[in-house]
Structure formats: C-alpha cells, structure tokens
Amino acid sequence: MDTVRVAFLLVLVLAVSLGQADKDENRMEMQEKTEQGKSYLDFAENLLLQKLEELEAKLLEEDSEESRNSRQKRCIGEGVPCDENDPRCCSGLVCLKPTLHGIWYKSYYCYKK
C-alpha cells in the first residue's frame, strides 16, 4: 500500500508542477498574442484613418467642383434687370436696353434674341 501511495503522490506532484509550467507558458503566449494583436490593431487603425482622410479630401474636392458648377448655372430670366457690363442672362437671352415702355427705368433687361 505504501508504494501505491508514494507512486500516487509522485504522479500528483509531477502533474501539478508540469501543469503549473504549462499555465505560465500559456500566460506568456497569451501576452505575446495580445501584444501582437495590439500592434495589428494600431496598424489597421492607421490604415483606416489614412483611407478616411483620402475619402474626405475627395469629397471636399467634389463639393468645391459642384459649387463652381452651380455658380455657372445661375442666370437671369427674361424681363429681369441685368448689368450691361456683366450680363448673366440665361442662354437664349440677351441683355438689352428696353424699348419704349421701359425707357424711364434707365436699366438693361434680359430679352429673347
């Protein structure tokens, strides 16, 4: 019986000591993986930030182009006063001095060609 007890105690001590070593080893592996994961997350975060900045720059550029285009589309309709030096009449209209009924206004108006 004593040999069985001694053998059992020996196996128990070996299992506990090896198990403890495995636990420490597992803890070290987990720490390494966590550190690698953090560096990977930092890299992914920086990459995403760069892509977002590029996208934002493109959107701002498109907005400024749209603003320029919308300013070009603005025009003055028919029968509306216009400036002789800077006519902004819509296409198909010309900035002319009014005849007869509008002479007293001393202004130019957009009329059909």
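Placement of Cβ uses the backbone N, Cα and C atoms for every residue, glycine included.
If you check Swiss-Prot, you get these features:
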type	residues	note
SIGNAL	1-21	signal peptide
REGION	60-83	region 'Disordered'
COMPBIAS	60-69	compositional bias 'Basic and acidic residues'
DISULFID	Cys75-Cys90	disulfide bond
DISULFID	Cys82-Cys95	disulfide bond
DISULFID	Cys89-Cys110	disulfide bond
Quiz prompt | Cβ packing number for Cys110 (disulfide bond), 10 Å threshold | solution = 21
Quiz prompt | All-chain count of other Cβ atoms within 10 Å of Cys75 (disulfide bond) | solution = 15
Quiz item: Rounded to an integer, what is the Cα-Cα distance in Å between Cys95 (disulfide bond) and Cys89 (disulfide bond)?
Solution: 7
Quiz item: What's the most sparsely packed of the disulfide-bonded residues Cys82, Cys90, Cys95, counting other C-beta atoms within 10 A?
Solution: Cys90
Exercise. Sorry to bug you, but what's the C-alpha spacing from Cys75 (disulfide bond) to Cys110 (disulfide bond), rounded to the closest Å?
Key: 10
